[in-house]
């Protein structure tokens, strides 16, 4: 930035201005993600799940073009815009992809299918770490190609996704097109015996008949969605406030203290991303057998335990010779614990606990919290480190413990259940709350399947 500015004006930038511009560049990505999360809901409703994903690739193609030509144009502003559009693409896809996959999957495989979104996100992280090595695209001359390489998955999706059908539930419940729904199911299942699954979808359609797609603020106003909303707020916030991303902040320092040469650290850091990929794939394989609650509960309990060990290891880093190795083990263990549950299961739950009319708005809330908290942690963590030093993981420890308690006591299991069965289970909780508060109006409310 300083070199570009000096070439333009003949005068260098002051150090505080360089820091400010760098902060804007870093913040552009979560800001774009927040924007994408907000527009994802209306896109999913008006355009459908499939068309929204196809259109979303425009953002990343524009971002790749901006970053790819930024050096030739001598414009750091193009990099800022590139990061913003990349964030928009991520915000939209992280909301609509799990929605599309879960709505299209059979009940028994819904968790595994929807979780593939998290697995490929982890794969993208590892690939980014690999191609970012100095020997590949991380060198001085090739970094524009590194920033523009995110166009590759967009081109793959633009080539492959048109051959896949739209979400059957969207076709039937949102558009009322039963024939297209049956055609989509036949393509996805490869069988003509669809009576049981179609009957289940027709029951869902009847449950929301006469309703329109809800806005996010309407979810907060609806008492019958109270526990569903609390659940996604808690879990979506915890996903960023648990401290997993901050482990990457400490990785280079801990590896250096463990005696790893500075020029070899980027190769070791690839191992952290590989841990998340391995556990994400493992979670994908076992989620429909183990269930959602055990994976979430185990993930947060293990993270809480490793956070304590990590803080102790950091405090003794310079006193005991083998402590840097324990700190290094804690980083890998923490990321493994995050990947086995919270990383993937959190994105699946909004599809399962909300009905068709509430689902896009729920993902808007979920995604907005995720991106806002990412920005919050990124901004606040340096100050937390400065204030608490080696005990900087105490706030994350509190988040992990509180989230584990919530999952253990309040979150119902959704494994192998239809969307209506899950709605009925939450309805009992919501009406139980209303009974205690004195708002119960009679048995006729329990009989309806409308949320």
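Along the chain as shown, residues are numbered 1 onward.
Keep in mind that glycine also has a Cβ here, set from the backbone N, Cα and C atoms.
Residues annotated as domain 'Major facilitator superfamily (MFS) profile' in TrEMBL: 1-415. Annotation source TrEMBL lists transmembrane segment at 20-41, 53-69, 112-131, 143-164, 295-314, 326-349, 361-385, 391-411.
Tertiary proximity for the transmembrane segment (326-349) is limited to same-chain residues at least six positions away from its ends with a CB under 8 Å from its CB atoms, namely 94, 98, 102, 110-111, 114-115, 117-119, 122, 231-232, 235-236, 238-239, 242-244, 247, 250-251, 254-255, 257-258, 271-272, 275-280, 282-284, 287, 292, 295-300, 302-303, 306-307, 309-310, 313-314, 317, 366, 414. Between the transmembrane segment (20-41) and the listed ranges 53-69, 112-131, 143-164, 295-314, 361-385, the one holding the most Cβ pairs under 8 Å is 361-385. Within the chain carrying the transmembrane segment (391-411), a Cβ under 8 angstroms from the stretch's Cβ atoms is held by residues 227, 230-231, 234-235, 238, 241-243, 246, 292-293, 296-297, 300-301, 303-304, 307-308, 310-311, 315, 381, 384-385, all 6 or more beyond its ends.
Over the domain 'Major facilitator superfamily (MFS) profile' (1-415), the average per-residue pLDDT in this prediction is 88.
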